[in-house]
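One structure, as structure tokens, below. Some questions next.
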Amino acid sequence: MLQTTIVASKQLLMEAPRFVFLSLLLLLTASTTSAQLTRGFYNNVCPNVEQVVRAAVTQKFQQTFVTAPATLRLFFHDCFVRGCDASVLIQSPNNKAEKDHPDDVSLAGDGFDTVIKAKAAVDKDPKCRNKVSCADILALATRDVVNLVPFIFFTFFKS
């Protein structure tokens, strides 16, 4: 009986890492798929938010080409660390915010300006004021700025 218990315990110990891995994978999958921004997400609250953001981004893009890489990099820095929560936009009086981290200090002001202008444009509409999150505006602005960039295609030939 004791030998059977020892064998069962060894098997359980061998399966424990697999169980932990699968449990963590399940938790991560559940947490990343629960609240994603989709096209038309704000249709009932702010039906024209996507068009308003696109117009603001297009106007900023026409002012300077730096808008595209700056906004894309801002989005990357926001999402890479702790998820897409727009925490990189927060300013603190003590310089202790994510924006003030050494990795984020070099983020171009044009990226911030793009999101600020898009947020201001959204908030001009009384139906939309304070209803669309900054994280969603950053995501929409990044999508739109990437779509504005003309892509150059190269043809490669074998020698």
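Using N, Cα and C of the backbone, Cβ positions are placed for all residues, glycine too.
TrEMBL lists 1-35 with the feature signal peptide. If you look up TrEMBL, you'll see 36-159 marked as domain 'Plant heme peroxidase family profile'. Residues or ranges marked as disulfide bond in TrEMBL: C46-C128, C79-C84. Per TrEMBL, site 'Transition state stabilizer' is recorded for R73. Annotation comment: TrEMBL describes H77 as active site, proton acceptor. Residues or ranges marked as Ca(2+) binding site in TrEMBL: D78, V81, G83, D85, S87, E98.
Mind running through what each feature is packed against?
The domain 'Plant heme peroxidase family profile' (36-159): residue composition by secondary structure is 68 helix, 0 strand, 56 coil, according to DSSP.
All protein chains considered, the CB of D85 (Ca(2+) binding site) has 16 other CB atoms within 10 Å.
Cβ neighbour count for C79 (disulfide bond) (all protein chains, 10 Å cutoff from its Cβ): 17.
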Calculate the distance in Å between the alpha carbons (Cα) of V81 (Ca(2+) binding site) and C46 (disulfide bond), and round it to a whole number.
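Taking the Cα atoms only, V81 (Ca(2+) binding site) lies 29 Å from C46 (disulfide bond).
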Given the disulfide-bonded residues C46, C84, C128, which lie within 10 A of H77 (active site, proton acceptor) by CA-CA distance?
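Of C46, C84, C128, within range: C84.
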